[in-house]
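Colleague: Just passing along the structure, written as structure tokens.
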Amino acid sequence: MQCGVVPHSESCHHASAFIGCSIRKRKDRTPVSPAVSGVSVSEIKAVQTPHSEEKIVSASHHLHGPRAGETASLLADYRELFKLRVTLMVMLTAWAGFYLGSMRSGISSMQPGLLEALFGIGMVSAGSAALNECIERRLDAKMIRTANRPLASGRISLPHGILLGMLAVAVGTVWLTRETNLLTGTLTLLTAFLYVAVYTPLKRVTSLATFIGAFPGALPPLLGWVAARGQIEWPAVALFAILFVWQFPHFMSIAWLYREDYGRAGIRMLPVVQPDGWSTVLEALTYAILMIPVSLLPVWLHVAGRIYGGVALVLGLIYLGYTIRFGRIIRARTISESKMYARDLLKVSVIYLPLLLTALMLNATGK
Ligand code: HEM
Ligand SMILES: CC(C)=CCC/C(C)=C/CC/C(C)=C/COP(=O)(O)OP(=O)(O)O
């Protein structure tokens, strides 16, 4: 049987390996076991009907040829390597900072400076994500959620990952320094350093790592502001505070959802070291309550108007409501019930933030 352009081997014997196998054929032949690929045995059986692989291979050859398949898989791997969705969210938060900063300067944020800042911050964020995946490739291979990442499953080699990661961080930093200002370049590099060199190794040591990780996580909107204004000012600190506080319900829901995974990999998330769930709920609740006054800081600083204040209040109450509901994980009768509460909070967290920032930008006063 053929897989891609070369003869099929045992490394391509199941569905998920099949998707990326043509790349691995060129680079290395590390076998991908079901445990490592993150696909359950039942899922594999479900897709392995007789001759299903031949049908898919020949269909793909007819439609696009082997090269198109390889390029598509490589692009999919880069999307995972650079954590595209998180990087896009980082860019959105940086845009909010840049937008408010430009308004304070009395200029439109729709200027080449915006694209220059977002390109640089996005590059450094993507590069940091790749370096994080290089460092954590062995841990990622032990977790179902991350086992199919390109480095964890061997589709992208370590030198390849390190090279791309370093290059993206370097290009992004130099670009920001040249096109925006030295302070933005320096702070963005510091953000990458905190994420890659401080938070990432600490995950195996202490559950406090998430508190440390919240600092680089909260810096992008401040970076956007500094790119527009050249200095750190109070509204930028308020944006930092909003992002900082937002992260706790966000990642407490994730930590609960994937606690078996984290435990398997030896990552000391709160639900791993204190499995009863009380401390996880308490931490998420504390920050969800704090989220309401903190999200109103832009009104207090006269950066946004009352409409934003009303929207922030409603959104904050919804976020708090879902976090209170998340508290039911302690008494949930089944694992799937408790995971449902966590999954719902995770979804709400990633909807809440763009909505809040959009409201802030739409009702900005320019002061
Ligand atoms: C210490 C802080 C943070 C931790 C530990 C964390 C962890 C995670 C994890 C593990 C996921 C994957 C969930 C899944 O696969 O179901 C996730 C999803 C996500 N995170 Fe975070 N995160 C943090 C901060 C942030 C920040 C600062 C942003 C952006 C501003 C962000 C944006 C997102 C988005 C958009 C998703 C959903 C998209 C996806 O699953 O790829 N996170 N987060
Ligand atoms: C400009 C710049 C450098 C921005 C980067 C800021 C940023 C997105 C920080 C991430 C915050 C964070 C701790 C995420 C969890 O990652 P994780 O590695 O624990 O997630 P994983 O388990 O999915 O790998």
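Just so it is clear, glycine is given a Cβ too, placed from its N, Cα and C backbone atoms.
From TrEMBL, for reference:
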- 84-102: transmembrane segment (TRANSMEM)
- 114-135: transmembrane segment (TRANSMEM)
- 156-176: transmembrane segment (TRANSMEM)
- 182-202: transmembrane segment (TRANSMEM)
- 209-228: transmembrane segment (TRANSMEM)
- 234-258: transmembrane segment (TRANSMEM)
- 278-301: transmembrane segment (TRANSMEM)
- 307-324: transmembrane segment (TRANSMEM)
- 345-364: transmembrane segment (TRANSMEM)
Colleague: Quick one: do the transmembrane segment (182-202) and the transmembrane segment (114-135) have at least 3 Cβ pairs under 8 Å, skipping pairs fewer than 6 apart in sequence?
Modeller: yes
Colleague: Hey, which bits of the same chain come close to the transmembrane segment (234-258), Cβ under 8 Å, at least six residues off its ends?
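Modeller: Residues 93, 96-97, 100-101, 104, 143, 145, 210, 213-215, 217-222, 225-226, 269-272, 277, 280-281, 283-284, 286-288, 290-291, 294-295, 297-298, 301, 303, 319, 322-323, 326, 329, 338-339, 342-343, 345-346, 349-350, 352-353, 356 contact the transmembrane segment (234-258) from elsewhere in the chain.
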Colleague: Establish whether the number of Cβ pairs under 8 Å between the transmembrane segment (209-228) and the transmembrane segment (307-324) reaches at least three, counting only pairs separated by 6 or more residues.
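Modeller: The transmembrane segment (307-324) and the transmembrane segment (209-228): touching, no.
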Colleague: Under 8 Å between C-beta atoms and at least six residues away from its ends: which parts of the chain pack against the transmembrane segment (345-364)?
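Modeller: Residues 89, 92-93, 96, 99-100, 103, 221, 242-243, 246, 249-250, 252-254, 257, 284, 295, 298, 303-305, 307-308, 311-312, 315, 318-319, 322-323, 325-326.
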Colleague: Using Cβ atoms and a strict cutoff of less than 8 Å, what residues sit near the transmembrane segment (84-102) while being 6 or more residues removed from its termini?
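Modeller: Hits for the transmembrane segment (84-102): 108-109, 111, 113-114, 117-118, 121-122, 125-126, 129, 220-229, 235-236, 239, 243, 298, 303, 350, 353-354, 357, 360-361, 364.
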